[in-house]
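The block underneath contains the structure these notes are about, expressed in structure tokens.
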């Protein structure tokens, strides 16, 4: 597929051209091998190179807000670039035009898109008009060029001596689709060379946008390559921009939809026919060709003007269709009322060379050879592939394998199961931490908590420095960040005391009931779904907890000990007085341990909720603040409760330091898990894994043999893990980004 972009016919005026002596760059040490700045993506396997990848989830405003927060600095920089001289008109005129035309049409035809743009604006702390301008920058820049030509005094912010030069017109794109007959595997391949200003790559202004809509929207996830601040450009559909009878300055009554948003509307459609209908119905005021395809095996070009559309299809004998920047359909030429005014003669060469490259490989085309077809340099610099840094152009190659049905394996999808896997790894780290706390009996639990938080704090500092941004997080969520830190410190303090006062298994099982609190709080505060399956899993998990801890025996059966009614005579001896004191103390320790464990459970469940609300904050920021705030809190608690005592041996020092490392790893993994998966499943998997590990450590390290109740409970919990994983696998059929169009 990549090789298709490397055609050198008529070099240097070829599809792909590299001329170092004229300022063009080789990306390969082999002068005979042409390697362009190439972005290759296979939607089936999700392989991606050289580009930022962000994921957004939720309702339109929520995912927009996440988008804006993640790329705030880039969005602001991109806005400022287009507001510069010659890119856009006086900003007052731009705002008036957008509110008059775009906002009106978006409210009617694409309200969810408008809400998402409002979210982006809020997340990036810019105006809605700024975000609309980024999504309509093609239209606004064309309008700007027309007004400069026709009415130069419109540019009130430009002195007359600088109004002579106009920005160069873009050379735009070349697109192609190969249906099953043309490809070696029978997949449907789509590709596009996107001629773009070199700043897009130099300033990292492109990214892959992966969208997971809220379930209530009834939309499937999708992936698009887009410019910073835009809702979408090239997704599973490949598109090219054209020009004929563009309309500007007219009051259409219903307004206009920017072309970039047509692409997003197309991808969000439930079926291929509905997607096509949206293209034909929504009002537009520039001309465009959209090369569209379906994984089911259909593709065509839709050439659209503000008032017409013309369709062309791939020939049945080749299953190949291409397009560049001039309308070429028979229907277009048959319509005498529309003229193509796009001044770009290279379009004829690029389209012809693309067809030639593909036909030479007909029936054997794969991803690599498809890419090579786009590297033709005939007619350089106005060629299919062109790199001219001194003129500010860069070729970006985008490809998609739409036929995900043939090679997708949801079971192997790391992204889908990432939250579950990270939860298990987090549980392993925390389980080893509990063993260390249980072993170091001469050091107070609160002081061990200090060691843990010091480890988290110190190890997070490099991550915070690397990540950049404000170390205390975004202003709007700092109160949640502080609450998360206080809840986490309190939960850990109580957990360590529970491990000290209770048997490891008993303390662990009680704290593992956190799944109930988390699932309930997530339904109430996070509005997460709590369906029948999740409810059954929670009930089964709690049943396993009851079996494991023998709660009925603990709370309802009297404990047999030497101070029973038939043994009161033992009180008279000194030895038996000491025994009575020991039993009394043991009972109190058990009670305090149980209370500490349940307190740990309550505050721990709040941690899950707060982290879930902080899912758009980088995990290093969360852990950094968690570390230093918790150090202060646990130092105060240690001074009040037990005082300080240092480790006595080198081995104890090693365990204490290991506690910090394990805590950092466990906390980082849990934070990443909660940012990737809903709070309920994360809690179930993590705590269930901890139960199993507690039994393993009790048997192997503390030589405690579990009884039938413990084994039964562990079995039930393990079944819960398997059911949760299986449920996620079933969900993969619906949540994996599919190539519907």
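Quick reminder: no glycine exception, Cβ is built from N, Cα and C everywhere.
Whatever TrEMBL says is automated annotation, not expert-curated.
Owing to the predicted nature of the structure, the values given are computational and were not obtained by experimental measurement.
Annotated features in TrEMBL:
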- 418-549: domain 'EamA' (DOMAIN)
- 420-440: transmembrane segment (TRANSMEM)
- 446-465: transmembrane segment (TRANSMEM)
- 477-499: transmembrane segment (TRANSMEM)
- 505-525: transmembrane segment (TRANSMEM)
- 532-549: transmembrane segment (TRANSMEM)
- 590-611: transmembrane segment (TRANSMEM)
- 623-644: transmembrane segment (TRANSMEM)
- 650-672: transmembrane segment (TRANSMEM)
- 711-730: transmembrane segment (TRANSMEM)
When you look at the transmembrane segment (650-672) alongside the transmembrane segment (446-465), do they share 3+ Cβ pairs under 8 Å, ignoring any pair fewer than 6 residues apart in sequence?
yes
With an 8 Å cut-off on Cβ pairs and a sequence gap of 6 or more, do the transmembrane segment (650-672) and the transmembrane segment (420-440) reach 3 or more such pairs?
yes
As a test: from 420-440, 477-499, 532-549, 623-644, pick the stretch that has the greatest number of Cβ pairs under 8 Å with the transmembrane segment (590-611).
477-499
Restricting to the domain 'EamA' (418-549), report the mean pLDDT as a whole number.
79
